[in-house]
Amino acid sequence: MKFRKLILQGFKSFVDKTVIEFPDGITCIVGPNGSGKSNILDAIRWVFGEQSPKELRGDSMDDVIFAGSENRKPSGYCEVTLVVSDVAEHIAEKWGTLSEISITRKYYRTGEREYLINGKKCRLKDIRELFYDTGIGARSISIIEQGKVEKIIQASPEEMRLFFDEIAGITKFKERKKEALSKLSSTKENLQRLADIIGEVEKNRNILENQVNKLKKYREIKSELEKLDQEYYSNLYKKLKDDYSVLINCINELKLKHSSLQTDLNDKEKEYNSIKNKLSEKRGDLKKYSDQLIEINNKIFGVENEIKLLQNNIDGAGRRKESLKHEISELESKIKELNTRRDELISAIKDIDNSKKEIDYHLKEKEEILNEYEIKIEDLKDEVSTLDEKYLGLADKLAEKRNLLIRYETELENYQKSIKAKDTEKSNFESELNTKKQFVENQKSDLERLYEDINIVKDEYEKLNKAIAKLAEDIKENEKKLSDKKLLKESYEKEIKLILNQIDNYTFGENNSVDFLKEFQQGLLIDFIKGIDEELLLEFSDVIVFDDVKKEEILEFLSKKDISIKFTFKSNIENIEKWLIASNYEKLNENIFNFNHIYRKFSKKDYRVVLKELREKVESLEKEIAVLDKEITEIEVKNKKLKEEFIKTESEKDKLFNHFNELKISYEKKKSEIESEKDFIERLSKNIALIIKEKEVLVASVKKAEEEISKLKNDIELIANQLKEIDDQKDDIEEELSFYEEKYDQEKDEFTELMIENKRLEESLNAKKREQIYVEKDLNSLITQLKHKQERLTKLLTVDVTNWKNALVEKSEILKQLQKKKLELIDLKEATEKEILEYEEELNRLEDKIKSLRFEFEDCEKQIYNNEIKLAGIRAKFDNIREKYFETFHEHIDENYMRYINESFSQKRNRDMYNKYLEEIEGLGPLNMAAEEEYNSLTERYHFLTEQRADLEKSIESIQKLINEIDEDTVNRFKATFEVVSKNFNDVFKLLFGNGKSELKLTQPDNILETGVEIFVQPPGKKLTNMNLLSGGEKAMTACTLIFAMFLYKPTPFCFLDEVDAPLDDANIDRFLKIVKKLSQDTQFVIITHNQKTMSGADSLYGITMQEPGISKVLSVKLENV
């Protein structure tokens, strides 16, 4: 492994990025005191992971960051990168490189820090592992800073041992042993906790039963609450869905309207532009016709003048001469006026042209300003958009932090409640423990009393058994008598039933009408009439009496049946009785009777006689049954008393038996309770111990939660401040944006005014130019006329009158043609003006229509926009409901909501039911949500825990074995290293000192793992009792002796010595350099020095300067090239 270069930025005095390359051999770093030479050594130790600011010559880690100078601001962070090459193959593969890796450490003033290998984030441990077995580290002997020579010589044996550990390569073994011991301690603690848990699990099953019942009730209520939630969300979702559909339809309709309006607007704008173009064409035609009329008027004017001239010539050639002179004079006057007008027009055109050029310049200037404002406004809008995005990102982060804060505050509150609950629970357990102990003492005396009561009850139970047997015998005898009487009664009742059937047959006949008629039968007539001779009644013994209620129904029924029957109704009995009493009745002998002069003789077989006999038999049997009923009642009363006494005695026996069982159960229960209470007392004691442990865990959790809350509050405050800053920035930008938009509108208005003025000047300029053309045309025409008149004047006397007349005729004809053409042009001009007027009116109408359409179009756009905002709001609610529904029920509402739709859904009723269920849940009190699962899995958990206990015991055995192996390797490596380094120490000492004595000793030779190392040296000619008596040079030489002795055993890739040579004289410098040169074949040496001899032995030289106060700069020289 070789060090290739060191890159510093912001580290101490190296504020700018500085690269220091390390070539092979010896490199010297020189420079004045305070220039920052030692900062390079500090940087190397820092990148190796030095954590103590004092070791880096500072009070805090912030001191390694550039603190600023007169002209430089402090840095916000520092960064040091060390590039090494020729690394081991397994290291190169691990960090994805061939043979060169870079190690970087960063530190920010905010306290954040980073470690990187090849630009990838890593741990400090990863960096340290890279240099295991190399003898290099933040505090290794291969890096000697100012003053460390003294520390090496004065180092304690334990501190000296550390140097040997590094050079022997056992640092990594110690780290592994440390990890193994930590793991062993943790495993043993886990095993102890596991034993406590197993003991607790075996005792807790009985406590869970009530909790399971409460939990079942809770789940039932919870299920109802979930249904109410599903109903609520589903109905709300459906309402939103309906609203969404309505809005979508509305937006679609508006978009159709928008599209239609767009089409209409485009059509109208096209029509407008078309008419505008036509209007422009017509204005062009109008101008053409106007120009032609002017031209024709000029021609007519010329021809008329010529005609007049000819006529005048004809009228009087004499006068013509004077007239021509006069006309020439007038023409000259007109030419002069036209020349003046032309000059005025030229001047006016020039002025207008200058004004137009000036306005064009201003227009261009305004256009550039407007472009600048547009760019500025666009940039500001982009800034606002960027700030909005940043704001939203921070707002999301703030919401996340607040949610975390709420979570941690809730956890903290729960922890605090749990701690309070644990205190209460502990107090309750302690109170219950005392109560239970007192209870056990009381139960012992109750147990003895119960045993005596059991023996007394047992004797009474035997007596009752004998009394019950006697009563059972008496009851059995009475039951037999009662059974005989009842059998006799049943035979009588059967006989009566047969007789009554016979009576029915005689009265109703044998048909299926009996059942219907018997339903309304009140009895026979003879049953209702008393005090009449039986012989007379015998005549009416078969008359049936019916109830009057169904009179009509009975009559209708009988009228349809083919049967013979005599009957009456109950309401007629009184009249019949009166009639019989008033009747003439006479008994002539035993079987002949006279009834109203009708004689009747009854035979023995007459059905009336039979009926009478049957009724008499029924009456006799009924009397026998009455006697039997009386006897049965007496037996039943007697038997009832016996049974009651039997039941009473049996009840007393049962009560006594129950009492006996109760006493026995109470005895066993009390006995069991005493045992159970003893177990419970033991469990309570363990519970109290467990609560104390759980409380300790909760207190630690509270502390952690409070730290997290404090950190989150700071983060929230920081983000809130950032949001406020963004708001302030946004307000400033929006204010600036408003300013520029206002300026833009102002410039736009001025630009428009300039455009209007420019257009006006352009039209005025065109008008002036047209007038100039006309004036020049008139001027040319007048000049021509003048010339012609002057010619005519000279030729007047020689011109023939005939020629004038011919010319007059010709000119008259031309005039007619011109006038005719003029009329045509006037008609065309008027028609064109009319068309122009129509086009202008149409344009005005179209402008109004376009304005109306545009207003409607924009209004439609606003409606679409507003509805889309509403739609976005509904979508947000949709997403919110979907998210809440999924979070609550772990299913998608879109697939399930129709199952819970209720047309009669009422949000108030839903909430009332929900609150009612919540009150029921509150009424249940505290719940153990895992009670059922715990109850079912306790046995399984016990087996699992015992298996875990076996695994932990096995793990402890394995870790202990590993520690023993590490100790063995450590001892072997240390012994081998110490023997070689000790021999090398003696050899190098003699080489550096010339003679004398030196020795390395172990403080505990019998305990290699814990032994320290001591140095004993005696320079030639001296007998020292204390190492502190060595001179500065001798101390430095002794320290170098130890370093070189170790390098001879195992050369480290790199050695950094800071002014180690300062106390050495020239002779010692030579010996020092001789050994360094020898060792530099395998080790890169970097030496900070002020000694010229040391510099002369270097292969490369770096100079550290401070050209700028407080800022270190590096100058490099390869001496082989000098």
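Positions of Cβ are set from backbone N, Cα and C atoms, glycine also.
All TrEMBL annotations are machine predictions without curation.
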Out of 886-927, 928-969, let me know the one TrEMBL marks coiled coil. 928-969
Relative to the mean position of the Cβ atoms of PRO32, ASN33, GLY34, SER35, GLY36, LYS37, SER38, ASN39, the recorded ATP site, which additional same-chain residues have Cβ within 8 Å? SER13, GLY31, ILE1104, MET1106, SER1112
In all the protein chains shown, the tally of other Cβ atoms within 10 Å of the Cβ of ASN33 (ATP binding site) is 7
What three-state secondary structure does DSSP assign to SER38 (ATP binding site)? helix
So SER38 (ATP binding site), by the Cβ count within 10 Å over all chains shown, scores 20
Where's the emptiest Cβ shell within 10 Å among the binding-site residues GLY34, GLY36? GLY34
Measure the Cβ-based neighbour count of LYS37 (ATP binding site), defined as the other Cβ atoms within 10 Å of its Cβ. 23
So what sits near ASN39 (ATP binding site) in its own chain, CB-to-CB under 8 Å and at least six residues off in sequence? LEU8, PHE11, LYS12, SER13, PHE14, SER1112
